[in-house]
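Colleague: Here's the feature list from TrEMBL:
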DOMAIN    56-293  domain 'Radical SAM core'
BINDING   CYS70, CYS74, CYS77  [4Fe-4S] cluster binding site
BINDING   GLU182  S-adenosyl-L-methionine binding site
Amino acid sequence: MVHNLEEGPLAGVARKVLDGRRLSREDGIRLWESDDLPAIGLLSDYARRRKVGNDVFFINNAHINHTNVCRNLCELCAFGKKPGDRGAYTLSIEEIAARAEKLRGLGITEVHIVGGLNESLPFSYYEEMLRTVKEILPEVHIQAFDAVEIDFLGEISGLDLEEVLLRLKEAGLGSLPGGGAEIFNPAVRKRICSKKIGPERWLEVHEKAHRLGFRSNATMLYGHLESIEDRVDHLIALRELQDRTGGFLAFIPLAFHPKNTSFEHLPGTTGMMDLKALAIARLMLDNFDHIKAFWIMITPKVAQVSLSFGVDDLDGTVREERIAHEAGAETAQYQPPEAFLQMIREAGRTPVERDTLYNVIRRYGPERSL
C-alpha cells in the first residue's frame, strides 16, 4: 500500500521514505500541512517496521517529583509553585526514602526523577537523594534531572557542566530525561518559558552528557503557540545532535495541556495532531530508534492507535505523575503491565518489557485479543 502513495501531494516524500533517504525541512513542513493522515500513518508505519520491526516496548517504572517549588514559574507550566504557596511542597530525603521503600518487590527497573528549580536546596540534597534511592533499590536505573535542572545544579554548586554530571553519576545517576526542550524557537520560548535556558544550552547539556557516556531522551512540546515550521526545525536540531553523538535513546512528543497555565484559553491538542506529531517524528528522525507515545498525555486509546503511526514504545507503568495532571490530564496515573500487554496485542504487535537502555527483560507472545 505504501507504493500507492508514489502519486499525489506526498509522492516526493513517499519516494524518499521508500528509498531510505533523509527527509528535508520542506518535506517535514509538507507532512504537517497535509490532511492525509492515513498516508502519513502508512509511511511512518513502514519506516517503523524497517527500523525496529514489530516489537512494542514498555517499562515497569515509577516517577518521583521531589519538589514543585520553582524559581522559573514558566508560563506554560501548571506544576511550579512559589515558596509558601498553597500546594507547594518539597520532599525530604526521608520522604524520598519512604517512597523508594514502597517500590520494593514490584519489579520496577527505572525510577524517573524530575522537579522544580528550588533555590533552597543545596547540591548535596540531589546527591543524597540519588544515593538514597540507589541504596534502597540497587538494581534500579535512575533517570533524573532534565537539562534545565542540570544547568541549575551547576549554578547553585559552582561546578561546571562536566563536574555536575560526573558528581551525579558517582551518586547513582544513570541517564537523563528529555524534558525542558519545549520548542526550540527562541521567540516562542520567550512567551511560554521566558526564564528557562535557551535551546543552545539544552542541546549543549545533552551533548556533554553523551560525550561522558550518558544516554538521554529528547522531547518536544507541541500544541501551544508554535508553528509547524517550529516543530520541524526542532526535530532537525535533535537529528543533527544525534548525528554527532548517537546518544539519544528515544524521542517523546509531549502534548500541551493548557489547564492552570497562562494559556488556559487554548483548546489543547486533537487526536489527529497527536498522531501526526508521532508519525512525522518517526519520518524526520531517521537516526532515532525509538519513538515513544506517552499514554498519560494523549490517553491510552490514542497511544494504542499510534502504534500504527510510527510508535514502538508506550513508556511505562509510572504509578504517580504530577506535572501533566496539574495541567488537566485526566488519565490514570498508573497502568499495570497487563494493560500494556492487552494494548499491544490488540494492535497485532509483540509486547516487550525493557529496561531504560532498551535491554530486553521479557518478550511476550504475540497473542491477539481482537
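Just so you know, glycine gets a Cβ as well, placed from its N, Cα and C.
Given the structure is predicted, the values throughout are model-derived calculations rather than measurements.
In the displayed structure, how are the listed features positioned relative to their neighbours?
Modeller: Residues belonging to the domain 'Radical SAM core' (56-293) score a mean pLDDT of 97 in the model.
Residue environment of GLU182 (S-adenosyl-L-methionine binding site) contains 26 other Cβ atoms, counted within 10 Å of its Cβ in all protein chains. DSSP assigns GLU182 (S-adenosyl-L-methionine binding site) to coil in the three-state reduction, placing it in neither a helix nor a strand.
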Colleague: For the recorded [4Fe-4S] cluster site, whose residues are CYS70, CYS74, CYS77, find every other residue on that chain with a C-beta no more than 8 angstroms from the centre of their C-beta atoms, and list them by sequence position.
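Modeller: Checked against the 8 Å cutoff, the neighbours are ASN72, LEU73, GLU75, LEU76, PHE79, GLY80, GLY116, CYS193, LYS196.
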Colleague: Between CYS74 ([4Fe-4S] cluster binding site) and GLU182 (S-adenosyl-L-methionine binding site), what is the CA-CA distance rounded to a whole number of Å?
Modeller: 11
